[in-house]
């Protein structure tokens, strides 16, 4: 049965145009073609990327952050409480009022103390600026290196300037060494992002990011197997261009270089709109929809590849909407947070927890007993969120 499934999966008519078979893509007479077996190497390379990332973040990004005045913040940790901790880890991070009342009785704490414990516990799990800076530094270095490498690999290729050349003599197009390494390293990097998703900073567009990484890996893997390598390299180059400005804007924002951050964010928005909403659909997707059928009849792989490109385009439109929302708020002076960041509720929790800490310190200074009744203005009077995102909150 496994053999039957294997033969069906690699059926020529699914992957290749009519009158072509896998035998036509065997290496011969100096011509080298991409093989599905080549992709196995991306797994150890992805793990290698994780090791390199760890070394980079520890020995390069952390000292760089320190030189920019970014250090690990000291948050007041939630007190050890097995009952509340068990509920937090197994049930819910933000319990409803009914559960809070029950936990109050079980733990012999007041309702306000239980609410405060959960607030501090949630904040305790949230990543600090240093962690965000290190992640952004790593992605910036990779995207910049990948973009430069892509330019070096493509600047002298005819299909870089004329997309109709992408399909000349397809699929009998010998793979170049530069194309091999460009593909393998890009796929390994996205594979490492999937491996690290559990401990990376989680944002509101977490699901979209997962879809993006999976779609990218599927798209690159498919294009590799059917020798869509020329168009694949162009897609990768277009995607890396705007990411450089995004990650650099994050870095300067974390370092509180406001003017530089603003400039880079505007450049990012411009490059994103041009590359992903103009060049990507009107040049690259047009190239994959229109030109191939001029050389061979449409087949399953043709439709599959284009559907995956449209999935990426939909994600681009989603992110473009968020970017435009940020620009609108930025222009009218109402930007207080990143549209992709955590929920506003968590921002209020942090402010409220900060006020709680201040209230506790005030009590200690005045020698009040720990069991005294809370000041009626306690943690209920939440602080207003800051009005300037570039001064106190992270843009990305």
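Our numbering is plain: 1 for the first residue shown, then up by one each step along the chain.
Placed from the backbone N, Cα and C atoms, the Cβ positions cover glycine too.
TrEMBL entries are annotated by machine, without manual review.
Within the listed segments 236-263, 264-291, TrEMBL records transmembrane segment for the stretch 264-291. Feature DNA-binding region, per TrEMBL, maps to range 86-129 of the set 86-129, 130-173. Residue ranges 37-56, 57-76 are listed, and TrEMBL annotates 37-56 among them as transmembrane segment. Under DSSP, the residues of the domain 'Homeobox' (84-128) split into helix, strand and coil as follows: 33 helix, 0 strand, 12 coil. For the transmembrane segment (37-56), same-chain residues at least 6 beyond its ends with a Cβ under 8 Å from one of its own Cβ atoms are 137-138, 141, 180, 184-185, 187-189, 191-192, 194-196, 221, 224.
On the 0 to 100 pLDDT scale, the model's mean across the DNA-binding region (86-129) is 86.
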